[in-house]
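Inspection log for the structure reproduced underneath, given as structure tokens.
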């Protein structure tokens, strides 16, 4: 029993995170120097994401009997994303108004260092609905894969899958080649995941070493509020959705515990994307549903980021004594319904979207971003974890609604997790 525990990725990542925290706390300088380990692991994961998505989506769509089923899956997914993301935004808005973590800080926006957030504000200027939609269309296929833009690769994969499906028997050779190629990529993922403990150690040691546990004290109230809100959202909202669909949210969380620990160490839900594709398929979801819902969810279904955006925006208003009546907050909510769709599941994207939102709303000081710049890194873990669980639940919900879920397999995997395929 013990050897299997020590060999499990779950234990190794958990131990690596703990060691990283200790190193960063007791030797901050050395801990901060561990950053390349975390960055290197995330880059290795990103290296494989584009081809994995392409192969999964193409083989899933091309292998379906009806193209109408693909369109229905996409429509159901987008409706679900919009409804649940809106609920997340509203919950964040309600909690921050009730607890008021920024009240009493009395910060003068003129005293804040606007230069510290200038980079984010500049990137935020490029955010917009039209710009976002145009960015989904790649300048070239090679460019989409080279940049690792998930939505661009997804668009090309969908078109490729449709075209391959229309070829009928003539496309069998190409279909078999791509399907076989996907197994090679998942084999590469298995090799990369052996380095997950190293990546988690480096990222956590850097975070604690650079920012220190002490930096959490002053603005700790916002962090605590945010973590509690994310926890409540997962347990109550996603838990209720899971119950309606027919599974237990806690058993599902236990099923993806290794992916959650990887995300905890890297602060990016994108780092677990390749494994989630395989695990959701192993859970009983058809490949076509998994290939569409999860990659799309990384831009349209970021529940943790949605909660963060409303809480952070109102927190800045409270801290700087910027008045926000009910109409201002409704305006904020409407703006976030659009701007939040431009956030990808990578570290720091939520902060850029927040800068874009403050600029769009107008009456909130963009310089107020400096207040949470130092603690944003500590909130990214909760964002990423909530995003990952949210996308997993979304996949099961959509698969259930479109009749592409093997419920018997779902129950078997969640109840008897020991039967989980080891190749994932």
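Each position is counted from 1, following the chain as shown.
Keep in mind that glycine also has a Cβ here, set from the backbone N, Cα and C atoms.
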Exercise. Which one of these stretches, 305-325, 326-346, shows up in Swiss-Prot as transmembrane segment?
Worked result: 326-346
Seminar exercise, completed: transmembrane segment per Swiss-Prot, picked from 142-162, 163-183, 247-267, is residues 142-162
For this session: Between the transmembrane segment (44-64) and the stretches 76-96, 184-206, 222-242, work out which stretch tops the count of Cβ pairs under 8 Å.
Result: 184-206
